[in-house]
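Annotated features in Swiss-Prot:
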BINDING   His76, His78, His242, Asp317  Zn(2+) binding site
BINDING   His76, His78, His242, Asp317  Fe(3+) binding site
BINDING   Arg85, Tyr148, His181, Glu245, Ser322  4-imidazolone-5-propanoate binding site
BINDING   Tyr148, Asn319, Gly321  N-formimidoyl-L-glutamate binding site
Amino acid sequence: MNDLIINHIAELILPRSTDKPLKGKELDELNVVKNGTVVIKDGKIVYAGQHTDDYDATETIDASGKVVSPALVDAHTHLTFGGSREHEMSLKRQGKSYLEILEMGGGILSTVNATRETSEDDLFKKAEHDLLTMIKHGVLAVESKSGYGLDRENELKQLKVSNRLAEKHDLDMKHTFLGPHAVPKEASSNEAFLEEMIALLPEVKQYADFADIFCETGVFTIEQSQHYMQKAKEAGFKVKIHADEIDPLGGLELAIDEQAISADHLVASSDKGKEKLRNSDTVAVLLPATTFYLGKEDYADARGMLDNNGAIALATDYNPGSSVTNNLQLVMAIAALKLKLSPNEVWNAVTVNAAKAIDINAGTINTGDKANLVIWDAPNHEYIPYHFGINHAEKVIKDGKVIVDNTLSFKA
């Protein structure tokens, strides 16, 4: 006897399972089954496809008028941080620049101070609250970065919190050491601080899967970033890079040269970098909510990357300064509107390709896969990025069990 059957599904979303990320035109290929059925036993998918009455189960969910998809994958978050920076919104409205806010004690260094002052247990409680919000919105696989400690003690603290979250909630979670995220005030120079972070690589390896660096004007140069990435690979890490967010420094090209698993942001990437994606499996992780939140007009050139047969994914970039959202559904809407992605491209970018960007087996519904699914209160898959700003996730299913039920229930 099977454990659960989800029947009469209006649309069953079945992204294609591949060894490599979907590239170029492949991103627009999505198998959407009308009147579908999913059968689950022992936390695994037994069957997913056209409606069938050939299976029995102890529990049945009628998904008439609903969409079922793989659980979403958020491939770029800064989940563990102390404090918040809502007071900066009024400063920005007054026309204060980032540097002016930084000089007033705000900006990233204020988050660094708050993170350093927050105990590991309190940091865990805050991050857990934010993680549970993600889960309620349909995410069951997450990448979590450090980068607000900027010293040995606090970078380790962030990574330990991330690992504790993964263990407690038994999630598909990957952890990224982003020690070189900024340069703390106490550092004698960018170069000296970078060497401190490189020296930490062997120690943080037990807590982190990836090593990341912020390659940008005023932070770390292309040469420094390459040096760090090479040292990280020597220490056994797969590498990522925050690249070309503001200036076209060539971070995307560097990521491809160093065979990074992903290059993230890429708002200012050059045509040369986009062309180089053609012969690479590096995933371009685009973060349109960041551009939206910062009030900027120029978004990453997703269409140019796809035209060059590149692989792209989408993520929230959840952080307290430039993308204060842990709702990946909102990112899907912004991507459709501002990156000009089709609904099919959006769905692949938050499932199978996002999984490739963090090297996990997720984002698909195939026989034998973990039964990590979302039942959406929506008539079709196009509706979810179309009707933005609310939570469409009705039920979230992890390992075959309903762990979130957002069904509205109230007394008139």
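Using N, Cα and C of the backbone, Cβ positions are placed for all residues, glycine too.
Around Tyr148 (4-imidazolone-5-propanoate binding site), the same-chain residues at least 6 positions away in sequence with a Cβ under 8 Å from its Cβ are His78, Thr80, Phe81, Gly82, Ile108, Thr111, Val112, Thr115, Asn154, Gln158, His181.
Among the binding-site residues His242, Asp317, Gly321, the residue whose Cα lies closest in space to that of Arg85 (4-imidazolone-5-propanoate binding site) is Gly321.
Here the Cα atom of Asn319 (N-formimidoyl-L-glutamate binding site) is found 10 Å from that of His76 (Zn(2+) binding site). For the Zn(2+) site, the Cβ centre of His76, His78, His242, Asp317 serves as reference, and the other residues of the chain with Cβ at most 8 Å from it are Thr77, Lys145, Asp264, His265, Leu287, Thr290, Ala315, Tyr318, Asn319, Ser323.
Rounded to the nearest whole angstrom, the C-alpha distance between Glu245 (4-imidazolone-5-propanoate binding site) and Asp317 (Zn(2+) binding site) is 12. Between Gly321 (N-formimidoyl-L-glutamate binding site) and His76 (Zn(2+) binding site), the C-alpha separation comes to 15 Å. Counting other Cβ atoms within 10 Å of each Cβ, the lowest count among the binding-site residues His76, His78, Arg85, His181, His242 belongs to Arg85.
In the three-state DSSP scheme, His242 (Zn(2+) binding site) falls into the strand class. Ranked by how many other Cβ atoms sit within 10 Å of their Cβ, the binding-site residues Glu245, Asp317 place Glu245 at the bottom.
In this structure, the binding-site residues Asn319, Ser322 were compared by how many other Cβ atoms lie within 10 Å of their Cβ, and the smallest count belongs to Ser322. Cβ neighbour count for Gly321 (N-formimidoyl-L-glutamate binding site) (all protein chains, 10 Å cutoff from its Cβ): 21.
Secondary structure at His181 (4-imidazolone-5-propanoate binding site), taken from DSSP and collapsed to helix, strand or coil, is coil. Cβ proximity to the N-formimidoyl-L-glutamate site centre (mean Cβ of Tyr148, Asn319, Gly321, cutoff 8 Å) flags the following additional same-chain residues: His78, Phe81, Ile108, Thr111, Gly147, Pro320, Ser322. For the 4-imidazolone-5-propanoate site listed in the record, the two most distant Cα atoms among Arg85, Tyr148, His181, Glu245, Ser322 lie 21 Å apart. A gap of 14 Å separates the Cα atoms of His242 (Zn(2+) binding site) and Ser322 (4-imidazolone-5-propanoate binding site).
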